[in-house]
Amino acid sequence: MEEEILYKIILVGESGVGKSSILVRFTDNTFSQHFAPTLGVDFNVKTIRNKETGQTVKLQLWDTAGQERFKSITQTFYRGSHGVIVVYDVTDPKSFERCKNWVEDINQYTQDGMIIILVGNKSDMVAQRKVTFEQGQEMAEQLKTKFLEVSAKENNGVTQVFDLLVQDIEATMKNSKVAQNQLNLNSEVGQKRGCC
């Protein structure tokens, strides 16, 4: 029986950018035009198969409120998380600019090397678009994150966000295990060199 892998993933961003829509599209493959704003934090679980390793991975998905009054709740959920998806609305430049603040918070409340993906949602709203794909890429480079655009409504790119996140988390975990094993080997060698 294979070992169960569990990753905690958090979705953050301003209110109304479509975090809940992305989550529900990914977990239930449905879309609703009208969502009540998330109050505090919402939680969901989805089991997927890693496309590279074939291993089963359980994702614990936390959808956080975008309102300022819930910010302290959101910060507590960063702890113990493996990855964060920062969502903005491509029709709302203010939500895009606030991504810098979200990433600063993530960096402040998590350990170094947190996997972060910047996601521009509502890419289907071409006529209302105010933030270009290139601006999203540029912001991601500045913030040192990965970047994707999605449409939760049309189910474009949503699964790719989670696939990319899982691949990056696993690569980071593998590298840290290699580093940890190297550390353990070095300490064993150091112990064996001692006298008597």
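Just so it is clear, glycine is given a Cβ too, placed from its N, Cα and C backbone atoms.
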### Task
With Swiss-Prot as the source, identify the stretch among 35-43, 80-88, 125-133 annotated motif 'Effector region'.
35-43
### Message
Through the lens of DSSP with three states only, how would you label Ser123 (GTP binding site)?
### Response
coil
### Task
Starting from the Cβ of Lys19 (GTP binding site), draw a 10 Å sphere and report how many other Cβ atoms land inside it.
28
### Query
Taking the Cβ of Thr64 (GTP binding site) as the centre, how many other Cβ atoms fall within a 10 Å radius?
24
### Packing count at Ser123 (GTP binding site) (other Cβ atoms within 10 Å of its Cβ)
22
## Note on the structure
The sparsest Cβ environment within 10 Å, among the binding-site residues Gly13, Gly16, is found at Gly16
